[in-house]
Every structure is written in structure tokens, then in C-alpha cells.
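First the structure, in the form of C-alpha cells, and then the observations on it.
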């Protein structure tokens, strides 16, 4: 059994405090900052060392996440450009024409949300899909609550929890789990595929059945809603578009389709894959703005970049602080934070100590990871808990000899599904607002499909890890 020193116990204490604060549904940035200060004071033996540890931790954490922040910011900037040009409406129209009834509308709306969310993240996708496809879906007979369920489950659930294209979530989890940079997000993405398939089958089927029940029980209310949206959609169809809107609408699927081909042909992974997606988003934004606005694109592109980075920093600012503390447990990153050449891996030591005291097996570890992921998602962001579940997967995999990637993916799924905007009411406000439904009602409708899906997915994870 490894010897645990005072720094190990400080680390454990702060982790427990963070969990308690999350259960209380409060933000965890302050405990992490205080934890960094306390850890630095003890590790470096003074006030100056404590203060420098706080700063160095944020720099080291920001360095780990910067590429993720940039690509998300560029994608959001691109989506704003597409909206101004009018290409977003044109891109979505083929999907809208497929919606002939409520049943088809549920699946087309959901799959459309899934695909768009993979490329631009769910929050921009909600505005895009909500403005273009939502009215068509409701006109086809899908109630607004059914549309909200579909968009929520497919977007903030399936798309955000996997994040296969932008790789923000798996990149963050993989960095915290200690995967080397040449593996990066793929360390979590590959083992997550069976979990994604399981979660998709269970949650979407149950969500569809929930929607069918709602249609039967509130038929008259939904019919009035359908008529209202049909009138509004008729007005939109008279809108005219410029040549640049059509050209940009053609460019977007071609550009990102070529990205997918390039990822496969050239075996791009990690930072190279992220760079390709981010660069493509910047290129599409530039071409769209220049073709639509000409000389005025000088100012327009500045606005798009500013808005995109404001979104990216707003999302990741707390995650950088939280990650800064949890990276103290990493044997690779802790030396950068503390300014030393070598530092013991606290997480590895804790995992070995835990294994020597408590006989851990796959089943309890999987359900512990599921529970902690759910707790960390209670803040409503879904991402603030990823440094913790990533770190725990490294600890538990050492303690019990289970697959680190599968365990990390399970924790990521639990955190994002609960907190990313499918169960926690304060996390699903954007979808509820654009669909015109109450957040609490949407959370209630989502609850059992998501919870049952997570339990079944955990069982699958136990089998394969």
C-alpha cells in the first residue's frame, strides 16, 4: 500500500467538499480556488507559493482546454454568420419537407438536431432548428412538448454526451483521465460507441412513447397549436434569399463532409482533428460573410468572432478553474502547476491505496461513477463535472484493473445527460423557451427515459469494461 501524505488527504478533502457543494446545487469554483490555495500553501510552504499555485493551475488547465475553447467559439461564430446570411434556413429545408406526420416529425426533428449539434453544439443548434424545423414539425402534428423532448434527447443528450465532431466533452474527459496527447479524445470516444448505441436505443424509444401518450391525452390543445404554427410557417415561406445564401448553404455540408472524409483517410486524431473542424468553421464563416456583406464583412466577421469567443469563454471559464484543481492529481500536469520537475501522481496513489483496503470490482465502481457523474451534473452545465469523472476513472481503473476509457465515457454520459440539459430543469431552459413549454414539465417527461437509459447503459459498461 502506498504511503498517503498530507497532500493526498487535502486533495481528497477538497474533492469531497466539491461533491457536497454540487449536491447542494451550488457552483464549485470557490471550493476549487480555495483548494488550490491550501494545496499550494502546504506543498510550497508559504503564502507566495500558494498564490502562484492558483495562477499556475489556471494556466496549465487553460492550456489543456484552449484548443477545445477555440473550436467551439469558431463553430458558434460560424453559426451566427449562417443565420445572418440566411443559409441556415436553406440547409434545414430538405429535412423539413420529410415531415408528413407527427411520428416522422419526431424522428426527423431529433436526427436533425443530433447531426447539427455534433457540428455546432446544442445551444446554437436549438436556435437554428427551433427557428426553421420546429414550426414545420408542429404543423405536421407533433406537439410542442414532443418537439422539446425530441430536440432535448437528441441534442443535449445524445449529441452533447458524445460530442464526436468537436470533441469538447471527450477531450476534456480524456485530458482529466490522463490519456496521452497523441491519443487525446479518442481514448474516450472509441469505448463510448457501444454506450452511445445503448443509450440512443433506450432513451429515444421511451421518449417517443412518452410523446405518443401526450398526443393522445391532449389532442385538442395540440390541434390549436398546429393551426397557429401553420399560419406562421406560411409567412416564412415567402422569404427571399440571395445567391450567397444558396452558395453558402451548399458549401457547409460539402466542407464538413470533406472533413469527415479527411479524418478517415488521413487518420487524423486528437488536436489534428480539432484543428480541421475549427479551421473549416472559420473558413465557412469568412466565405459566407464576404459573399453576403462585401466590404462590410470587415466589421461583421469581427462581431462573429467576438460573439463566438464570448460564448466559448462563458462556458469554459468555470471549467478551467475546476480542472485546475483536479489536475493536481495528474502526474504529468501537477509538476507544471507546482513548478517542480517531478511530483507523485496523487490519483494513482489513491487508487492503489483504495485497492489495497477495499476489494473493488466492476459493478460497484460502475455505479459509483454513474452516481458521481449525476451529482456533478446537478449544476446544470454538464461539463463542470468532467474533470472529476475523468480523474476518478484513472483512479478506479488503477484500483480495480478495469478499462479506463469505458469508465470515463460512462461518467461523461452521466454528467452530461443529467446536467447538460435533459433532466435538471435549470439546464434545459433554452429548449423549453424556444418550444414554448415549461422547463419543469420537460424535465418530468425526460426523467424516466434518461434514468432508465443510464441504468441500462451502465449494465452494458460493466459487461464490456
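Residue numbering: from 1, along the chain as shown.
Note: Cβ is positioned from N, Cα and C throughout, glycine not excepted.
The transmembrane segment annotation in TrEMBL covers 6-24 (among others). Proximity of distant same-chain residues to the transmembrane segment (6-24), defined by a Cβ-Cβ separation under 8 Å and at least 6 residues beyond the stretch ends, is recorded for 31-32, 34-35, 38-39, 42-43, 322, 325-326, 328-329, 346, 349-350, 353, 372, 375-376, 378-379, 385, 388.
According to TrEMBL, the feature transmembrane segment maps to 36-59 (among others). Taking Cβ pairs closer than 8 Å, the transmembrane segment (36-59) reaches residues 6-7, 10-11, 14, 320-321, 324-325, 327-328, 336-339 in its own chain, all 6 or more past its ends.
Taken from TrEMBL, the feature transmembrane segment applies to 65-83 (among others). For the transmembrane segment (65-83), same-chain residues at least 6 beyond its ends with a Cβ under 8 Å from one of its own Cβ atoms are 91, 119-121, 123-125, 127-128, 166-168, 171-172, 175, 248, 252, 271, 274-275, 277-279, 281-282, 284-285, 288-289, 300-301, 303-305, 307-309, 311-313, 315-316, 319-320, 323.
Remote same-chain partners of the transmembrane segment (104-121), defined as residues 6 or more beyond its termini with a Cβ less than 8 Å from a stretch Cβ, comprise 72, 75-76, 78-79, 92, 95, 98, 128-129, 133-134, 136-138, 140-142, 146-147, 150-151, 153-156, 158-160, 162-166, 168, 204, 208, 211, 256, 277. Annotated transmembrane segment per TrEMBL: 104-121 (among others), in sequence order.
Annotation source TrEMBL lists transmembrane segment at 127-152 (among others).
Per TrEMBL, transmembrane segment is recorded for 193-211 (among others). With a cut-off of 8 Å between Cβ atoms, the residues of this chain six or more beyond the transmembrane segment (193-211) that come close are 102, 106-107, 110, 142-143, 145-146, 149-150, 153-154, 157-158, 161-162, 406, 409-410, 413, 417, 445-446, 448-450, 452-454, 456-457, 460-461, 464.
Per TrEMBL, the feature coiled coil maps to 212-239. In the predicted structure, the coiled coil (212-239) carries a mean pLDDT of 67.
Sequence annotations record features per position, and here TrEMBL assigns transmembrane segment to 245-267 (among others). Under 8 Å from some Cβ of the transmembrane segment (245-267) lie the Cβ atoms of residues 82, 85-87, 90-91, 119, 165, 273, 276-277, 280, 283-284, 287-288, 291-292, all in the same chain and six or more residues away from its ends.
Taking Cβ pairs closer than 8 Å, the transmembrane segment (273-295) reaches residues 67-68, 70-71, 74-75, 77-78, 81-82, 84-85, 87, 119, 165-167, 171, 185, 242, 244-245, 247-248, 251-252, 255-256, 259, 262-263, 301, 304 in its own chain, all 6 or more past its ends. Taken from TrEMBL, the feature transmembrane segment applies to 273-295 (among others).
Look at TrEMBL and you will find 307-328 (among others) tagged as transmembrane segment.
Distant neighbours of the transmembrane segment (416-435): 122-123, 126-127, 130-131, 134, 144-145, 147-148, 151-153, 155-157, 160-161, 169, 199, 373-374, 376-386, 441-443, 446-447, 450-451, 453-454; these residues of the same chain sit at least 6 beyond its ends, with a Cβ under 8 Å from one of its Cβ atoms. Annotation comment: TrEMBL describes 416-435 (among others) as transmembrane segment.
Here TrEMBL flags 447-464 (among others) as transmembrane segment.
Away from its own ends, the transmembrane segment (307-328) comes close to residues 11, 14-15, 18, 27-29, 32-33, 35-36, 39, 54, 57-58, 60-62, 64-65, 68-70, 72-78, 80, 123, 172, 175-176, 334, 337, 346, 381, 383-384, 386-388, 390-391 of its chain (Cβ-Cβ under 8 Å, at least six residues beyond either end).
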